[in-house]
Every structure is written in C-alpha cells, then in structure tokens.
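Taken verbatim from Swiss-Prot:
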- N177: N-linked glycosylation site (CARBOHYD)
- 19-39: transmembrane segment (TRANSMEM)
- 53-73: transmembrane segment (TRANSMEM)
- 82-102: transmembrane segment (TRANSMEM)
- 107-127: transmembrane segment (TRANSMEM)
- 139-159: transmembrane segment (TRANSMEM)
- 221-241: transmembrane segment (TRANSMEM)
- 307-327: transmembrane segment (TRANSMEM)
- 347-367: transmembrane segment (TRANSMEM)
- 376-396: transmembrane segment (TRANSMEM)
- 400-420: transmembrane segment (TRANSMEM)
- 438-458: transmembrane segment (TRANSMEM)
- 466-486: transmembrane segment (TRANSMEM)
Amino acid sequence: MGCDGRVSGLLRRNLQPTLTYWSVFFSFGLCIAFLGPTLLDLRCQTHSSLPQISWVFFSQQLCLLLGSALGGVFKRTLAQSLWALFTSSLAISLVFAVIPFCRDVKVLASVMALAGLAMGCIDTVANMQLVRMYQKDSAVFLQVLHFFVGFGALLSPLIADPFLSEANCLPANSTANTTSRGHLFHVSRVLGQHHVDAKPWSNQTFPGLTPKDGAGTRVSYAFWIMALINLPVPMAVLMLLSKERLLTCCPQRRPLLLSADELALETQPPEKEDASSLPPKFQSHLGHEDLFSCCQRKNLRGAPYSFFAIHITGALVLFMTDGLTGAYSAFVYSYAVEKPLSVGHKVAGYLPSLFWGFITLGRLLSIPISSRMKPATMVFINVVGVVVTFLVLLIFSYNVVFLFVGTASLGLFLSSTFPSMLAYTEDSLQYKGCATTVLVTGAGVGEMVLQMLVGSIFQAQGSYSFLVCGVIFGCLAFTFYILLLFFHRMHPGLPSVPTQDRSIGMENSECYQR
C-alpha cells in the first residue's frame, strides 16, 4: 500500500480528532494577527498613548509564553486535553466579543492576557496530541496544523480592514516627538493602506478623545464577526468530547455483548499493543508532561547527556527562527520607510501582508513535501535559506525589488521550520522526552525576546542594523542546528524503548527515516 496509503489510512481512522486539532489552530491564527491592523482604533477606543497601548502586546505575548509552558498540565489524559482546548477556543470567542467594551487600556491588556493564556494552551496541547496520535507520520499533519495558523492570521486582518477608521482621532496638536524611534514597533504593525498618513504621536494620554465618525462602533463589528466565525471551533471540540464519551452528561453505556474484534482487543495484553494504532485515550501519556514535570521525572536521571542536549539545541533553533518571524513581521515596515530605501507608506504597508501570505503558502506547499522529504532535510533547507536571504538583502540593501522578493523568500523558508523541527526532534527522542513542551516554550520565548532586542538595536543603531540582526540570528540558528545533528548522531536511544516499538520504527522508516 506504501507510505501514502498508510498515512491516508491513519487519517481516516483519526479524521474527527485531527480536524478538531486543526480547527483550534485556526482560532490561534485569528487571535495572533488582529491586533496589528486594529491598534490605532483600539488606541482611540481606550484613549491611550502608544507606550500605554504597548502593554497590550506585552501582556498577550507574556501570557502566551506562560500558557505554552503550563499547557502540559492539561495533557495527561485525553479528557483534560479536550476540555482545555474547548475552554481555550471558547475564551478566544469571548475575548473578541468583549474587546469593543474595553474603554481602559488596563482592562484591554487584561483581556488580551486571557487570550494569550488560551493561545499558549492551544499551541502546546494541539501540537502534542497530533504528535502522540501519529508519531513517526506526524510531519504531514503538523504541516497542515501550522497552515491553519497562517490561514487564520491572513483572515483576521481581511475581516477587520473594511471596519478600520480612516480618520485620525487624535488632535492636531498632539504630534510632538514625531521623530521618536521608540514607537516604530507599534506603528509598523498598524500603518497600512488605511493609515498611511499616520505618524508616531507623543507619549501622553488624551482623556478627552472620542473616535470620529463612529470609528469605535465600526471596528466593533469586526471583532464580533471574528467571534462568530470562531464559535464553531469550541463546538467541534465539544462534539469530539461527546464522541469520546467524556461529557459528564453522557454516561458511558457498555454493550451487553462484545464483538469478536472488541473482545480480542479487550483480552490482548497491553504491553504488546502498538501505541500508534490505538485511539488517543489509550495511548501512553508519559514523556509529554508540562515543562516543570519534565524536569522532575525520575526516569530522566539516567538519560545520556545527548538526551538533554537535543532538547536544548532544538529549542534554541526555534528560539531564533520563531523570533526572526516575529521581529521581521514587526519591523519590515519601519525598515522600508527609513533611509536608504524610503519606500512610500502605502507600498511599505504591503510588506507584512506579503510576508504572512508566503508563510501561509509555504505551509500549504510543505504538506505534500513533508510526506516525501525527511524533517531533518527540510529544517536544513529552511535555516540555510533564511541565512542566504538575509545576506542577499544585506548586499542589495538599496534595492526595493530585492526587499519584496526577500520578504516573500523569508516567508517561505520560515513557514515550515517549526512543524519540521518538532517532528524531527520527537523522532530523535523516540517520543519519550519533553520535546513538544520545550520546543513550544523556546519558540515563545524567542518571539518575545527577539522582538524587544531587535527593537532596541533598531532604535539605537538605525535601520541598517535590522538586516544585520537577521544575518546574526540566522547564523546562530544554523549553528544550533548543526549542534543538534551532532548530538542526534551521538544519541544512543532510550533503553526503555520496547523491542516492538523499535520494530515499529524500522517499519515506518521506509518513508520517514531520520
């Protein structure tokens, strides 16, 4: 039947849970990209200055990181995982519905902190559940999972765009400190075709401001539409809970007689079962605990140093690549409008959309590619492509055409790095480590830290440092990946892996070798 036939067979057997995990990542994508284009309207709504509204970004990113690190608490049983996904996806709809009523920036930051916790929980739990369900065949399904992030991230700005205010709600005399570069991070995320004439404003609060032309009311419609669009996602999780008989209102009713197949399954010794072929609720839950439990597990005491080195180097690779994704999408506009390029505001506003568009396209293309190419090879191509692209951008830093081509190229190379890296690292550790939690946490820390670091360097050294930072961080990612390959080659494998598990790995290696 071949590799493709086995993968399609696995998908048919696990169709409903797979579609459910994909859909919750669509919620993740919706929530991660809406703040940028709506930030100016939200600033008018909350009567806040740019430094004040910046806490909204910080609270979301910080709580996303906390949610990713603590999400492992809900992964010990299938019931806990599904209830966590249901609560998180429902919370995202509630956040969208409540945002129009947040008239104070502190309240808005608190609401976005809740959204960040929900997003972090979704990030960890959905990734881990797919890896647990498909194991060596998980690369294709992880690529689809992260495609839905890009799809949601593309859709939310498109929904918000018709409702954005074209009028400036700030008074004309509030243009002091317009040369301040400290706010480029925030302005770069929101200056698009509807805000091409906007400039950074002063660090003061405007208590008497009211949005003109009903701007606050109009943008409220965008949030309510996104809340409705996201509402089927928690319903899908609820249906999966019902199917698995995990709803408290649906008591389990056992049949009086078992069929021959069910009887054979009941009487089969558990130690001879193939974990990858069992439903998720029967699979082993060891090795995928939260970050703190992973560090305290007694069976890790005898693990070789390469076991820990694989965790660390894998997390460092994603620290760099995911951090570059966040930093580039945040600062590419600011870099374009500065000298020497001096691109017009309207033209530069297309760069973040181009970047996310090619990330989505890359994740779509990587779905068939990942079924025919090893994850290690895909990560190598991605990391080398990132370094080469930044070098080309640095050499041709005066050419606007190369900036657009390089932005599209970076989107393609960065698109599939995370799912490929996750599949490769889990495969290297034979699904017995804490790779999912550690890698998700490392990626979250990188996205938060590198944005702050690049922003500080950009402000202090000028626009040229933006590309220099990209080259440096790309080279660091490549170095950490070479170290990961080295530690993987030295890794002897875990002694606790049963013999049959090893034979399963040899069988799967026909189409998914390490």
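Keep in mind that glycine also has a Cβ here, set from the backbone N, Cα and C atoms.
On a predicted model such as this, the values are computed, not experimentally measured, just so you know.
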Sequence-remote contacts (6 or more beyond its ends) of the transmembrane segment (107-127), Cβ cut-off under 8 Å? 21, 24-25, 27-28, 31-32, 35, 42, 46, 55-56, 58-72, 74-75, 81, 84-85, 87-89, 91-92, 95, 98-99, 142, 145, 422, 436-437, 440, 444
In terms of Cβ proximity under 8 Å, which residues at least six beyond the ends of the transmembrane segment (400-420) contact it? 139, 142-143, 145-146, 150, 317-318, 321-322, 324-325, 328, 332, 336, 341, 343, 351, 354-363, 365-366, 369-370, 375, 378-379, 381-383, 385-386, 389-390, 392-393, 439, 443
Going through 53-73, 139-159, 438-458 one by one, which has the most CB pairs that fall under 8 Å from the transmembrane segment (347-367)? 139-159
Which stretch from 19-39, 221-241, 438-458 shares the most C-beta pairs under 8 Å with the transmembrane segment (139-159)? 19-39
Answer key: the stretch among 82-102, 221-241, 376-396, 438-458 with most Cβ pairs under 8 A to the transmembrane segment (53-73) is 438-458
Counting Cβ pairs closer than 8 Å to the transmembrane segment (307-327), the top stretch among 221-241, 376-396, 438-458 is 438-458
Within the same chain, where does the transmembrane segment (438-458) have neighbours whose Cβ lies under 8 angstroms from its own Cβ atoms, ignoring anything closer than 6 residues to its ends? I mean 6 or more beyond. 61-62, 64-65, 68-69, 71, 120, 123-124, 127, 181, 184-185, 291, 294, 311-312, 314-316, 318-327, 330-331, 334-335, 418, 421-422, 425, 465-466, 469, 473
